[in-house]
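Asks: Annotations for this protein, taken from TrEMBL, read as follows:
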{"type": "TRANSMEM", "residues": "12-35", "note": "transmembrane segment"}
{"type": "DOMAIN", "residues": "75-268", "note": "domain 'ABC transmembrane type-1'"}
{"type": "TRANSMEM", "residues": "81-101", "note": "transmembrane segment"}
{"type": "TRANSMEM", "residues": "110-131", "note": "transmembrane segment"}
{"type": "TRANSMEM", "residues": "143-166", "note": "transmembrane segment"}
{"type": "TRANSMEM", "residues": "187-210", "note": "transmembrane segment"}
{"type": "TRANSMEM", "residues": "250-273", "note": "transmembrane segment"}
Amino acid sequence: MMDKASKAALIRHLILIVVGVVLIYPVVFMVFASFKDTNEIFTSTKLLPKLWHGENYTNGWKSGATGVVTFTNFFLNTFKLVIPVVAFTVVSCTLTAYGFARFDFPGKKILFPVLISTLMLPNTVIIIPRFMLFKNLGWLDSYLPFLVPALFAVYPFFIFMIIQFLRNVPSTLDESAKIDGCSSFQILIHILVPLLKPALFSAGLFQFLWTWNDFYNQFIFINSPKKFTLSLGLRLSIDASTEAVKWNEVMAMSVCSIIPLFILFFCAQKYFVDGIATSGIKG
């Protein structure tokens, strides 16, 4: 007979297995559907395809805006947008978090709650003011609505996460470095940033995932197909279809679009888990 602890552990594992299957099944279905023809996707209940259609990937890759742009353009555009946004976000949020965590300045006790309170604002609430602002600045149909805000630390979640991490780094390290003649900037670069690696990797990974998967904001601010990212390209491959939508090719391109995310996560999962655990448990 199992004791209560063993039964509880068994139940937890069964629940996790069920939840895991529910979460991963759509991805598995998408992968196998990418090798089927469109009719089989909707008529067959079998997971495996009757015939494997590898040409779905080559045809789907060329299916952009009727040949004007392909998924090569969409991938390149996505990297052109995502990489600078991630870099700008990590740098600006680190500097902002350092200021809040290590310095006292007028208005700090007011600014920090205001900053954190913006976490409760849905994106849809501020999308119209942002659109009008970027329109007046002439930034529409470009990547500036994403790049410039990233330079000014507009992501309070990352600021808060890095602050929580910094609060657990002894301030005596800063004081010792100051005695040795280090400036505040040198303390940040040479002492704190190496200790912040897990938190910075977590922030960078989160931002990479969010920007890569973002459809709503990119749909609002980017209009030219030549500037479309993957999320917009997938939608375009549906809208540009003159006949019935070729869902097998859409599935194939969807699989291609998530491959970089899987590679990134598995390469950086150690830092990701460490960063979340450290900034969440301590603090």
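From the backbone N, Cα and C atoms, a Cβ is placed for every residue, glycine too.
Neighbours and distances for these, please.
Replies: Beyond the ends of the transmembrane segment (81-101), by six or more residues, the same chain brings 108, 112, 143, 146-147, 150-153, 155, 158-160, 162-163, 166-167, 188, 192-193, 196, 200, 203-204, 207-208, 211-212, 218, 229 to within a C-beta distance below 8 angstroms of the stretch.
Residues of the same chain lying 6 or more positions beyond the ends of the transmembrane segment (110-131) and with a Cβ under 8 Å from any Cβ of it are 100, 140, 145, 156-157, 159-160, 216-217, 220-221.
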Asks: Sort out for me which stretch, of 12-35, 187-210, 250-273, has the most Cβ pairs below 8 angstroms to the transmembrane segment (143-166).
Replies: 187-210
